[in-house]
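Engineer: Sharing a structure below in structure tokens format, with a few things to ask.
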Amino acid sequence: MAASAALFSRLRSGLRVGARGLCTRLAPPPPRTPEQVTEIANRGGSKAQGPQHQPGSEGPSYAKKIALWIAGLLGAGGTVSIVYIFGNNPVDENGTKIPDEFDSDPILVQQLRRTYKYFKDYRQMIIEPTSPCLLPDPLREPYYQPPYTLVLELTGVLLHPEWSLATGWRFKKRPGIETLFQQLAPLYEIVIFTSETGMTAFPLIDSVDPHGFISYRLFRDATRYMEGHHVKDISCLNRDPARVVVVDCKKEAFRLQPFNGVALRPWDGNSDDRVLLDLSAFLKTIALNQVEDVRTVLEHYALEDDPLEAFKQRQSRLEQEEQQRLAELSKSNRQGLSFGSLASRLWPRSKQP
């Protein structure tokens, strides 16, 4: 009993101590100063505005890294493949390697320099004409060489592309093509110089010229590529520039020699069009007047929106002036004739013995 009473008294004293400690812990904190309250509020605001972790935000970042790695590997593999393919020596028909100026370099340097040369030559092929002399030398006697050269664009000048769901792409012939060729072939060496590719333009030229009036054909690879335009450089034609006329629907096509060109409006497919007939009359007038330098004539029409219409108006005005001059001359002749008749009546000639 004594032991039980002692144990019970110890438990009661322990509970009292525990209750006293609990009351101490649950007691209210001491009052804070206004500065402490402001500091605590600022800390809480900065934590609330700080970066918050969003679930799943690591997923897109990981995917981007994987995509960049794959793109880098593909780019590196493509670069190595290009250098390997275009960096080897060219081979002949028997499969034997053809030596070049890069054989003395280390292998990697050889590959890189050959690849660079290949793409440089390819770019040069696109920008520059295929040859500094696009046409052969003029014909000599006993063969006939027309005194002038006429350079014609195909699309927009002679043909108009049309597309329909039933037929697809078709090219419509401009009215007056046959007349143009027949009247100008004896006076002009006719050359088709088009910005179209040879694969597209060759059969079209065959269709518009079944009688063979066209002397030569030049395609896109013969143009000079400048600022997004295919320019026709007359200096590469191997002909006297003073006797070359370029007909195109884009002034940029003859920008290097602006006074050698006649810019027409692009044909829209109208079947009542008569521009080629007017062009034939204009060029025929130049040739029949034996103009030494066509640039002196074409310079007057270079600033006109419609050179052929300006030529027709000037021609009509000259015809009216000529008719007026002839009328005045005829009137003066009639007056002179009537005066002579009156004088002969007043003073008859003496009869011969």
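Glycine residues also receive a Cβ, built from the backbone N, Cα and C atoms like all the rest.
According to Swiss-Prot, the protein has these features:
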- 143-286: domain 'FCP1 homology' (DOMAIN)
- S341: phosphoserine (MOD_RES)
- 24-59: region 'Disordered' (REGION)
- 22-65: topological domain 'Mitochondrial matrix' (TOPO_DOM)
- 87-353: topological domain 'Mitochondrial intermembrane' (TOPO_DOM)
- 1-21: transit peptide (TRANSIT)
- 66-86: transmembrane segment (TRANSMEM)
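Looking at the shown structure, what environment does each listed feature sit in?
Structural biologist: Mean model confidence of the domain 'FCP1 homology' (143-286) amounts to 93 (pLDDT, 0 to 100 scale).
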Engineer: Who are the long-range neighbours of the transmembrane segment (66-86) in its own chain, taking Cβ under 8 Å and residues 6 or more past its ends?
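Structural biologist: Cβ under 8 Å, 6 or more out: 111-112, 114-115, 118-119.
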Engineer: Is it possible to list how many residues within the domain 'FCP1 homology' (143-286) are helical, extended or coil according to DSSP?
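Structural biologist: Result for the domain 'FCP1 homology' (143-286), in helix, strand, coil order: 47 helix, 41 strand, 56 coil.
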